[in-house]
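These notes are about the structure you will find just below.
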Amino acid sequence: MTDSRTKFRIFRWIKIIVGGFAVTVVLLFTVACIRTLSLDVNVGLKLAHWEKTDNISLVIDHRLREELLANFKEAIRIPTVSFSETESNTTALLEFDRLLRKAFPTVFSSSLVQHQYVANYSHLFWVRGSQPNLVPYLLLAHIDVVPASESDGWDAPPFSAKDIDGFIYGRGTIDNKSPVMSILQALEYLLIKGYSPRRGFYIGLGHDEEIRGYHGAVNIARILKQRGVQLSFVLDEGLAILDGVISGLEGPAALIGLSEKGSANIKLSVSMVPGHSSMPPQETSIGVLAAAVKRLEDNPMPRLFGYGPERGIFEHLAHKFRLPLKFIMSNLWLFSPLLGRVLERQPETNAFVRTTTAVTIFNAGVKVNVIPSLAEAYVNLRIHPAQSLQEVVDLVHSTVADQRVKIELVDGFDPLPVSSADEKSFGFQIIKKTVLEIFPTVTVAPGICIGNTDSRHFKELASDIYRFAPVWFKPGDAQRFHGINERISKRNYEELVVFYFTLIQNCDIQKLPEPHSFVHDL
Ligand SMILES: *[C@@H]1O[C@H](CO)[C@@H](O)[C@H](O)[C@H]1NC(C)=O
Ligand SMILES: *[C@@H]1O[C@H](CO)[C@@H](O)[C@H](O)[C@H]1NC(C)=O
Ligand SMILES: *[C@@H]1O[C@H](CO)[C@@H](O)[C@H](O)[C@H]1NC(C)=O
Ligand SMILES: [Zn+2]
């Protein structure tokens, strides 16, 4: 995943909030308390009536364990690195294709599965369902990884898949070869056991996600669009199971990403008559541009906490917080403005509150005694789900407010639509049910991704896109993403195989149970 290092940092700030709310508004306390209590009452009792479709079980014995770990390790050892926007290790990508065919012979030979290459190195699988009236879904993952060098301080060479204390170390163990391999491993085992899905599904494996997916994911999406496919939902990488990361929260939380921030790169330029530095004009292109940049920094985009899906995270998790956080989280109708103000104090949490503005390039001048004609700067903005690209561009214009500064949108996209997470939401409920079956102690809640994934190329094919894999994150693990010592425990990898094995079968239900019979765990 792109930008994933910053992704989970939000959760650190929860510590800050406790301090920030030491002062309580006594008058409002009574009203708020009633809400806190009623949340407890709601915590689920009724058992939902789900049609049973996970009839095939997977018992992982010694032989299977050895086999699935060996396949995974081989995948880690192939350095499928995306070096830059234009350079990938294509030798490794071809080698990876050979590994998939060797490791999953049943997938590649089954009459239920159609495989095709996309842009030479990406893969699209279609697993035919017996009931064509059931809307298919798509499981997405990516084969490429960001570069890694042992000299950065790894405890094991990054493409060694070395086993240390129950963990497999290596670039791609989390991002994103564990889903790539476990999805296909699960399908291999299902097919061997004679499974034939009712609901057809696609598996898409991109080869250039780390460089924006313009060849892999974009073309997979184009092919599906040409075929007129509509998807029930898409499940891609993104968030994970956070264990001990959110302070004040009792037990681990599985966060399902419902949206991603948008992005804009804007170029600011000022062009003036060049001249000799001995007779300078009152203002130079550099001065005018610097003032414009300063105005952008001094006037951040509006605070939007409470207007996007970030609020849902807290509302879903409220009952699992200890007091006094529980009180605050279950009363966001009251506290969100205040919470927004606390969150904006730290860069990590500010990212969840508003569209961020970062001036990343500033170029001007060539010679010490020449007044330059041209000065230019680039600004990278990450757009909050409650704002549009156009609104952000308009705000940049009105903040800069200087005709001499030319403002051009270089590239950008809107925040991704917010996927549904209610009782009628097929994908969300299936993912949630599967998580709870395998990890009964985990709380499932919606979340939001600051970084971007391949799934953003699929928004015309599915209104519901979820970003999640059941990878366990403990404090400090977020830094391993795109960092050093990326690793996954062997046990967790096995859990991933079981997760997809179960998820695929759970998707075979005809329809969701009626809303009132759900396990209520808001
Ligand atoms: C699963 O088994 C139940 C009964 O044990 C049966 O009613 C149901 O049709 C089976 N589902 C599938 C998808 O095979
Ligand atoms: C590319 O991958 C191959 C293995 O498939 C490896 O031998 C080679 O060293 C890699 N090249 C670079 C530049 O990393
Ligand atoms: C795929 O490979 C062919 C032949 O090697 C090449 O001409 C083409 O440009 C490649 N396409 C992509 C998208 O990389
Ligand atoms: Zn990734």
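Cβ atoms are placed via backbone N, Cα and C, with glycine included.
Just so you know, TrEMBL annotations are computer predictions that nobody has curated.
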Residue from HIS123, HIS142, HIS276 that TrEMBL also lists as binding Zn(2+) 2 with ASP175, ASP236: HIS142
Fewest other Cβ within 10 angstroms of its own Cβ, chosen from the binding-site residues HIS142, HIS482: HIS482
Closest of ASP144, ASP175, ASP236 to HIS482 (Zn(2+) 1 binding site), Cα positions, recorded positions only: ASP175
Those recorded positions, out of HIS142, ASP144, ASP236, that come within 10 angstroms of GLU209 (active site, proton acceptor) at the Cα: HIS142, ASP144
Filtered recorded positions, from HIS142, ASP144, ASP175, GLU210, ASP236, whose Cβ is under 6 Å from an atom of ligand 2: none
In sequence order, those recorded positions of ASP144, ASP175, ASP236, HIS482 whose CB lies under 6 Å from ligand 4: ASP175
Collapsed DSSP category at ASP236 (Zn(2+) 2 binding site): strand
